[in-house]
Every structure is written in C-alpha cells, then in structure tokens.
Amino acid sequence: MNKIFLILIAIGFPLSVIGSLLHFPSVLMFGVYCLTIIAIASIMGRATESLTIVAGPRIGGLLNATFGNAVELIISIFALKAGLIGVVLASLTGSVIGNLLLVGGLSFFIGGIKFKRQRFNVFDARHNVGLLTFSIIVAFVIPEIFTQSMNDTKTISLSVGISVIMIILYLAALFFKLVTHRGVYQTKESEENIKEEVPEWSKGKAIIILALATLAVAYTSERLVHTFQAVGEKFGWSELFIGVIIVAIVGNAAEHASAILMAYKDKMDVAVEIAIGSTLQIAMFVAPILVIVSLLFPVSMPLVFSLPEIIAMVTSVFLTIVIVNDGESNWFEGATLLAAYFIMGIGFYLL
Amino acid sequence: MNKIFLILIAIGFPLSVIGSLLHFPSVLMFGVYCLTIIAIASIMGRATESLTIVAGPRIGGLLNATFGNAVELIISIFALKAGLIGVVLASLTGSVIGNLLLVGGLSFFIGGIKFKRQRFNVFDARHNVGLLTFSIIVAFVIPEIFTQSMNDTKTISLSVGISVIMIILYLAALFFKLVTHRGVYQTKESEENIKEEVPEWSKGKAIIILALATLAVAYTSERLVHTFQAVGEKFGWSELFIGVIIVAIVGNAAEHASAILMAYKDKMDVAVEIAIGSTLQIAMFVAPILVIVSLLFPVSMPLVFSLPEIIAMVTSVFLTIVIVNDGESNWFEGATLLAAYFIMGIGFYLL
Amino acid sequence: MNKIFLILIAIGFPLSVIGSLLHFPSVLMFGVYCLTIIAIASIMGRATESLTIVAGPRIGGLLNATFGNAVELIISIFALKAGLIGVVLASLTGSVIGNLLLVGGLSFFIGGIKFKRQRFNVFDARHNVGLLTFSIIVAFVIPEIFTQSMNDTKTISLSVGISVIMIILYLAALFFKLVTHRGVYQTKESEENIKEEVPEWSKGKAIIILALATLAVAYTSERLVHTFQAVGEKFGWSELFIGVIIVAIVGNAAEHASAILMAYKDKMDVAVEIAIGSTLQIAMFVAPILVIVSLLFPVSMPLVFSLPEIIAMVTSVFLTIVIVNDGESNWFEGATLLAAYFIMGIGFYLL
C-alpha cells in the first residue's frame with residue numbers, strides 16, 4: 001500500500017509540474033492533481049504518525065492540523081488577493097463541515113467496522129466541543145445576525161474585533177493545553193499506549209518529510225484550483241459546490257488520510273483530535289487571520305457567511321457535540337455523520 | 001380499570017360504526033371516537049407490554065412505535081391523496097412535539113410522582129438523541145433554509161434526496177440495534193428485570209390483539225378526521241391547531257397510554273424508547289416515505305415545514321436532549337417538558 | 001479589603017444622596033454611584049456568605065439571586081411605567097448574558113487561576129441547564145417566531161400565557177428543590193464542607209444587613225439610571241449598549257462580587273448557583289412578572305426581543321450548557337465565556 005502511494009507520487013508529481021507547464025487538458029489534470037495530493041497526504045499521515053508516537057497524541061494532532069491547514073491558508077490568501085471573498089468563505093465552510101462530518105464520520109465508521117466500541121479521551125473531547133460552540137455558535141453566528149442592519153464599516157469593525165478575540169482565545173487554548181494543564185486530563189491508558197510503540201521514522205526525518213510533502217501539496221493544490229472552473233463547466237458544478245465540497249475534500253485530504261489511519265489502529269484520541277482540532281484551527285485561527293490579512297487588500301472580507309453556509313456549520317456542530325460528548329464511538333455514529341454530510345452535499349449542489 | 005376500557009370499546013366501537021353510517025352530529029361523534037380510541041389504545045398498551053416482556057425493552061418499544069405510527073401513515077397517505085400537504089406537515093410536527101414533550105413529559109411526571117428518581121439506559125438514550133439531532137436539526141432544518149431561494153423542482157429533488165438518505169440511515173439504525181450491537185449497551189439490571197416477569201398474554205395472542213386493535217384504531221381515527229372541520233368551527237380552532245395538537249394527541253394515544261403505563265411501573269427504558277423512538281420513526285421513516293409516496297400524487301410534498309413548525313420541533317429536540325442526556329428523570333423534568341408543550345399549544349392556537 | 005469597602009460606602013452613599021439633591025455633574029455622579037454600588041455589593045456578598053453557611057449552598061444561592069434581582073425588578077417597573085419597553089427588554093437581555101458569560105466567566109477564570117480543576121454538583125448544574133433551555137430556547141424563542149405574523153392583541157395574549165406558565169414552573173422548581181427532592185442530589189462532600197465553617201455574622205444580623213444593603217443599592221441604582229443619557233452622549237454609547245451592557249454590569253454587581261468570592265474559595269456549587277440561578281430568576285420570574293405588570297400600564301410589554309437580543313441569549317445558553325455540563329471548570333472555560341461576552345459587547349456597541 002505504501003509502495004503504491006510512493007509510485008503514485010513518483011509519477012504524479014512530475015506529471016503535475018509538466019502538465020501545468022504544457023497546459024494539458026484541465027479535466028485530465030484535475031484527476032492527476034487529486035491522486036497526487038491524496039498520495040502525498042498518505043506520506044504526511046505516516047510522518048505525522050511517527051511524530052505522534054514521539055510527541056504524544058495532543059501535540060501530534062496539533063502538528064497534523066497545522067500541516068493540513070497551512071495549505072488552505074496559502075490558497076485562501078491568493079484567493080483573497082484576487083477578491084474572491086465568496087470562494088474563501090465557501091472553502092472555510094467546507095473545511096468546517098468536511099472535517100467534522102466527513103473526516104469524523106469516516107474515522108468513526110471505518111474504525112467502528114473493525115472495533116465494536118472505540119473510546120477516546122472525554123476531557124479532550126469536551127474541551128474541543130466547548131471551543132466548537134464558542135467559535136461557530138457564538139463567534140460566527142453573532143456577526144451573521146448583528147450585521148444585518150449595519151453598514152460596511154461597522155461590519156468590518158465587528159469582524160476584526162471578533163477575529164482578534166478568537167486568535168487570543170486560540171493562543172490561550174494552546175497555553176492551557178501545553179503549559180498550565182499539560183497531562184492533567186490524560187488517562188493512564190493513553191499514556192501507556194504511546195510508550196509501547198516504536199516510530200517508523202526518527203523525529204528529524206519525519207519533520208523533513210512533512211515539510212517537503214507540505215510544499216509539494218501546496219504546489220499541487222494551487223495548480224488544482226485553476227482547473228476548477230473548467231471542471232465545474234464540464235460537470236455542471238456551481239462555484240459554491242466546488243468551494244464547499246470539492247476544495248474541502250481535496251484540501252483536507254491529509255486530515256482524512258491520517259484520521260482514518262488512526263481510527264483503524266484504534267487510536268481514537270488522535271483521530272478525534274484531528275477532526276475537531278483541525279476544524280477549530282480553521283475557525284479560530286485561519287478564518288480570523290484571513291479577515292485581518294484581507295484589510296491589506298482592496299476588498300476586505302467580513303466574517304459574514306451566507307445563510308446556507310452558517311446553517312450547515314451550526315447544525316454540523318450540534319450533531320458533532322451530541323455524537324462526541326459521551327467519549328465513545330461506533331460505526332453507526334460514523335454513518336450518522338456521513339449521512340449529514342451527504343444531505344449538505346446535495347443541498348450545496350442544488351443551490 | 002381494564003374492565004372499564006373493555007366496556008368502553010364494547011359500546012364505543014359499534015357506536016362509532018353506527019354513528020358514522022347514520023351521520024350522527026359531528027361534535028357528539030368526536031367525543032365517541034376519542035373515547036373509543038383511548039380505550040383501544042389501552043388494550044394496545046397491554047398487548048405491547050406482554051410482547052415487551054417476551055421480546056425485551058428495545059424490540060418491544062419498536063413494536064409499539066410501529067403499531068402506533070401505522071395509523072398515522074395510513075391517514076397521512078389519504079390526506080396527501082386529497083392534496084392536503086399543509087395538514088400532513090402539521091400532523092408530522094404535532095407527532096414530533098407531542099411524542100417528545102407530551103408523551104415524554106407525562107411519563108416522567110407520572111412515573112416521577114411514584115418514584116423519586118427513575119433511571120433508564122443512558123446508552124440507548126444517547127443513541128436516540130444522536131438520531132433526533134440528525135433528523136430534526138440537520139435533515140429538517142437544511143431544506144428549510146436551503147430551499148428559500150430554490151425553484152420547485154430543486155426543492156422536490158432536495159426533499160427526495162434527503163428522504164432516501166434518512167430511510168437508509170433508519171434501516172442502518174435497526175441493523176445496528178438488532179444485529180451488530182445487539183445487547184452491547186444493555187445493562188445487567190434491565191436484563192434481570194425482564195426475566196422476572198410473566199407476560200399477561202402469550203406472544204401469539206398479544207400479536208393478534210395488537211393487529212385487531214390497530215385495525216379498529218385505524219377505522220375510528222379515519223372517521224375522527226372527518227369531524228375535525230365541524231369541531232373546529234364549533235370551538236374556533238384553526239386547521240393548524242387541529243393538525244398539530246388534536247390529531248397528534250388522538251393519533252398518538254397508543255403511545256401515550258403505554259408509555260405512561262411503563263413509567264408508572266418504573267420501566268423507564270421502555271417509556272423513553274416509546275417517546276423518542278416513536279418520534280424517530282415519524283421523522284426518519286414516516287415523513288420520508290410520505291415525501292416519496294407524494295411523487296405518485298398530483299401535488300408533491302416537499303420536506304419544508306412552516307417556520308413556527310420547524311422552530312417548535314427544533315426547540316423540542318433541544319429541550320429533550322438536555323433533559324434526557326443524564327439517563328435519569330423525576331417529576332420536575334416531566335413538568336418542564338409539559339410546560340414547553342403548553343407554550344407551543346398556546347402558540348399554535350393563536351396562529 | 002473589607003475596610004476599604006466600608007470606607008467607600010461611608011463616603012460614597014452620603015455623597016450619592018447629596019450629589020443627586022444638589023445636581024452634581026452626571027458623569028462625575030456616574031462614577032460615584034458605580035463605586036458605591038460595588039462597595040455595597042461586597043457587603044451583600046459577605047452577608048450572603050454568612051447565610052449560605054447557615055442555610056446550605058442552594059438556599060444561599062437562592063437568597064443571593066433574590067436580593068440581586070429585587071433591585072432590577074424595581075428599576076424595570078419604573079421604566080415600564082415610563083413606557084420604556086425597549087430599555088426593559090435590553091436590560092433583561094443584559095442580565096441573562098451578563099450572568100451567564102460575565103459572572104460565570106469571571107468565577108471560572110479567577111477560581112481557576114487558584115485551583116487547577118474545580119468541581120461543582122453536576123445534578124444541580126443539569127437541573128439548571130434544563131431550566132435555561134426551557135426558559136430561553138423554548139419560552140423566549142417561541143413568541144419571537146410565532147408573533148411574526150400575529151396582531152398586537154394575540155402577541156400580548158401569547159406573552160401573558162407563556163408568562164403564567166413560566167411563573168408556575170418557577171414555583172414548581174422551588175417546590176422540587178426545597179420540598180420533594182431536598183438533599184436528594186446532594187453529594188456527601190458538599191455537606192461536610194459546609195459543616196466545617198463558622199459564619200461571619202449571625203443569621204439575624206446577616207438578614208438585616210442584606211435588607212439595608214438592598215435598599216441602599218436600590219436607591220443608588222435608581223439614581224444611576226438617570227445619569228445614563230448624559231453619560232451615553234458623552235461617551236457615544238447607544239441606548240441599547242447602555243441597556244444590555246452597562247445596566248447589566250452595575251445591576252448585577254452583587255452577583256458578580258459574591259460569585260467570584262465563592263469561586264475564589266473553591267465553593268463552585270454556590271458560584272454556579274448564583275450565575276445560572278440568577279439568570280433563571282430573571283428569565284422565569286422577573287421577565288414574566290414584568291409582562292403581567294405591564295398590563296396595568298398604558299403600553300403593554302410583549303415577550304418579544306429584538307433579533308440580536310434573542311440570538312445573544314440563545315448562543316449564551318448553548319455555550320453555558322456545553323461548558324457547565326461536565327460538572328467541572330478551569331480558567332480556560334472561564335476565558336471562553338468571557339471571550340463570548342466581549343464579542344457580544346462589541347456587537348451591541350456597534351449596533
């Protein structure tokens with residue numbers, strides 16, 4: 001399996017570079033880019049796993065989320081520069097519902113097919129659920145409603161104010177997890193679980209591979225974005241559908257791969273940390289940074305989503321809270337999350 | 001008590017048949033039908049209880065929900081055929097809030113007056129709460145918002161797509177409960193509890209009684225529906241109020257009777273399974289079937305409720321989640337659910 | 001510390017009386033009133049603490065909420081008499097979000113800086129969370145949506161009907177807590193915890209001090225309200241911002257002081273009871289009483305908030321539920337609540 005992915009990269013990445021220089025047909029290149037990204041993502045998953053064994057589930061999950069979202073941040077900044085605010089908001093929405101419902105759902109479903117009941121650290125889950133509620137239900141919904149009768153200047157002021165508060169709270173969350181309450185909510189089992197294993201790669205090697213893979217993913221993703229218009233016309237997909245569903249699936253391929261791998265190995269702590277932690281990083285870090293960065297560009301981006309986007313995110317959060325809150329999962333909980341994702345997918349397709 | 005109900009049926013059912021043939025005054029017959037249905041429902045409760053002892057609380061609860069909702073499904077199909085889409089959506093709403101708040105509330109309240117603290121299987125409760133969130137918060141809310149700017153064709157496409165996903169997930173839930181995870185979340189106590197008792201009727205006798213009672217309830221309910229217009233004019237009730245409150249109370253009389261009976265006997269597992277399980281069957285099975293069946297009729301039914309209807313359902317689900325999530329009940333939790341039902345009742349009365 | 005507050009009262013209260021009679025500048029008096037109220041609130045905190053030790057955490061928390069909200073009830077009735085319905089609804093909103101997010105947040109944050117993990121009675125917390133959901137998510141949201149297409153008469157009818165149900169359920173909650181289920185959900189630890197301590201003041205002395213302090217707070221608060229217009233003009237604050245944020249902070253100073261004091265002493269049972277119990281008293285008792293009392297005045301007050309107000313309350317409740325539901329707190333959970341409060345503060349400031 002690992003060899004197949006290596007071969008895919010060895011063929012796919014050079015082909016991506018050559019194809020984009022020689023302007024091969026968009027729909028063909030769309031397939032090449034997607035496969036290449038998925039293959040590179042599998043390598044990133046292995047590197048992250050090695051780092052996870054060395055660093056423990058939390059920091060490992062954090063590292064993974066960081067490397068997964070670096071790609072998105074870069075692509076979004078290019079899109080903002082081009083004034084494509086709608087596309088950026090759509091891809092933020094897609095990352096939130098994709099990570100919670102698709103990554104979370106696949107992890108629970110595939111892990112649950114192998115194991116009857118899977119447990120994960122309920123303290124971490126509740127910590128994350130609190131932040132999900134804060135970021136989506138409070139920090140995204142408040143500007144949605146409050147700006148309905150505001151002018152543009154006030155809308156941007158509110159967006160920037162909320163963004164600053166979110167970044168501060170995000171940093172406070174890191175300080176809480178890594179400094180003041182490090183290991184306070186750790187269960188004994190999970191600690192022992194980690195000591196048993198031997199990492200595939202050394203710390204240094206894993207970091208180098210992760211860095212190179214991120215660069216390669218960034219390049220290929222950036223190329224991929226330029227095929228969307230042609231692919232959309234070919235398959236009859238709207239810009240909203242591409243932003244919310246396609247960009248999010250390909251852009252979060254790394255999270256998908258490693259979360260499912262972890263779930264399959266019954267390391268649900270890491271799988272849940274990736275699914276929810278990655279969502280939190282998008283909502284509390286990437287989105288606010290983009291709002292603030294957009295002030296430098298001609299058109300500023302307010303933190304105001306369309307009504308279908310905000311409703312999709314809010315209902316995803318409610319479903320995740322209810323599913324995750326007991327610290328246990330099974331295949332049916334995964335199926336429920338996936339069913340919700342399909343419903344939203346159909347909705348965005350028809351919009 | 002049981003004798004009184006038998007006498008009521010012995011008088012009420014023939015009177016219902018004769019009265020409807022001879023066109024007795026509607027308001028009089030309204031009373032006759034209601035009493036007859038309640039009496040038959042009590043017999044259904046006893047038959048279900050017998051089956052429950054034989055089959056265990058889960059399948060017993062399932063059986064009960066099925067026999068209770070068969071009546072609703074039949075009546076709704078007749079209403080759809082007549083193009084009364086508003087009435088069908090209203091009675092679906094009424095079943096959801098009626099089962100959660102009225103059946104659940106009465107069970108908790110009456111059971112709680114006899115017992116200080118009543119416990120029920122928290123795993124089953126959370127499984128059900130996850131599906132409630134999926135079906136009402138996701139699958140009903142998404143089309144509500146997404147179809148605001150859609151044309152009729154797309155609205156029906158989205159409704160049908162969601163309906164298919166809901167039915168598949170509903171069948172998956174049965175597969176999960178009865179096959180892959182049968183007894184996995186069962187507590188020892190509840191198993192022992194069941195073995196102790198002796199059923200009133202044999203399995204065969206109970207099934208025959210249940211089947212006959214369902215037929216009788218179906219006939220009487222169908223007659224009852226035709227008195228609504230006259231009764232509405234007499235008492236000043238709007239069609240919405242009749243659909244949401246009156247149809248739901250009478251249509252769910254079987255669930256009411258048996259859930260309260262179970263709560264009174266401290267079998268809260270069954271009572272909660274009836275209240276929430278019945279709601280889930282309405283939301284995830286009856287509603288989607290009706291959407292799909294309506295495609296055969298001149299006017300198709302979209303899965304789009306009015307704003308008061310969806311808000312009533314969504315807030316009922318939130319209240320139920322918060323009340324049920326701890327696996328315990330008492331009379332005050334019942335009173336809270338009932339108070340919410342009265343508030344919605346006043347609201348629909350004044351609309 | 002206590003001496004400073006006594007000196008502040010000894011200077012501030014006479015100065016408040018003299019200043020208001022001699023018409024000192026409004027902005028100056030605004031500062032004097034605020035400091036005086038905070039100082040008196042600290043005395044109220046001490047008196048409440050003495051009563052808490054004698055009466056147990058629940059009744060103590062109840063007493064505290066009562067004395068805190070008596071002030072608000074009186075001020076609001078004067079405002080209703082003057083036809084200022086918008087101000088009353090805004091200050092109810094402010095009390096709800098202020099108690100949940102600011103009082104709750106400061107308690108968790110300051111208590112959490114001293115203690116790594118603080119626990120509180122999870123049964124009480126869930127009881128309160130159920131009532132929060134009932135009162136805000138159901139009883140406030142239903143009229144918001146249902147009255148959109150109602151005329152004024154029906155709107156007032158619905159508001160009065162809901163108010164009566166809320167008051168009945170509030171009294172039922174007292175009956176539940178103090179009579180039928182007194183001590184049923186009490187943990188052993190908390191009982192022992194209370195027996196250890198000696199109250200600062202005797203029961204009689206504490207009650208007298210509490211009564212006098214309430215009178216003084218009422219007088220000063222009433223004076224304070226009349227400086228708002230001048231202060232608003234001076235600092236560019238809208239009426240909505242003053243109603244939701246300023247009135248709420250000063251009007252709930254007593255709760256703030258004593259809740260934080262309790263959290264600092266690791267008596268989280270009392271701190272949470274004050275934060276949430278006080279919110280419940282506002283939502284389930286003060287608000288309904290005001291609706292009913294307003295029938296006596298020329299302009300009746302419907303139980304219909306503005307959209308930003310209801311969204312602020314609803315999202316505060318969701319965040320509180322998620323944070324409080326595990327029966328534990330830490331500084332970061334406090335920071336999360338405070339961050340949500342700041343976001344809403346900015347929102348109301350810009351509206």
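Glycine residues also receive a Cβ, built from the backbone N, Cα and C atoms like all the rest.
Note: TrEMBL annotation is automatic and uncurated.
Among the features that TrEMBL reports, domain 'Sodium/calcium exchanger membrane region' is placed at C:26-178, C:206-344. Marked as transmembrane segment by TrEMBL: C:29-47, C:59-79, C:85-109, C:129-146, C:158-180, C:201-220, C:240-262, C:274-297, C:303-324, C:331-350.
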Considering the transmembrane segment (C:201-220), which listed stretch of C:29-47, C:158-180, C:331-350 counts the most C-beta pairs under 8 Å:
C:29-47
Listed stretch, out of C:129-146, C:158-180, C:240-262, that has the most CB pairs under 8 angstroms to the transmembrane segment (C:29-47):
C:240-262
When the domain 'Sodium/calcium exchanger membrane region' (C:206-344) is classified with DSSP, how many of its residues are helical, how many are strand and how many are coil?
114 helix, 2 strand, 23 coil
Any contact, the transmembrane segment (C:158-180) to the transmembrane segment (C:129-146), with at least 3 Cβ pairs under 8 A:
yes
I'm a bit unsure how to read this: which one of C:85-109, C:129-146, C:240-262 has the highest number of Cβ pairs shorter than 8 Å with the transmembrane segment (C:274-297)?
C:85-109
Residues of the same chain, at least six outside the transmembrane segment (C:331-350), with any C-beta under 8 angstroms of its C-beta?
97-98, 100-102, 104-113, 237-238, 240-241, 244-245, 308, 312, 315-316, 319-320, 323
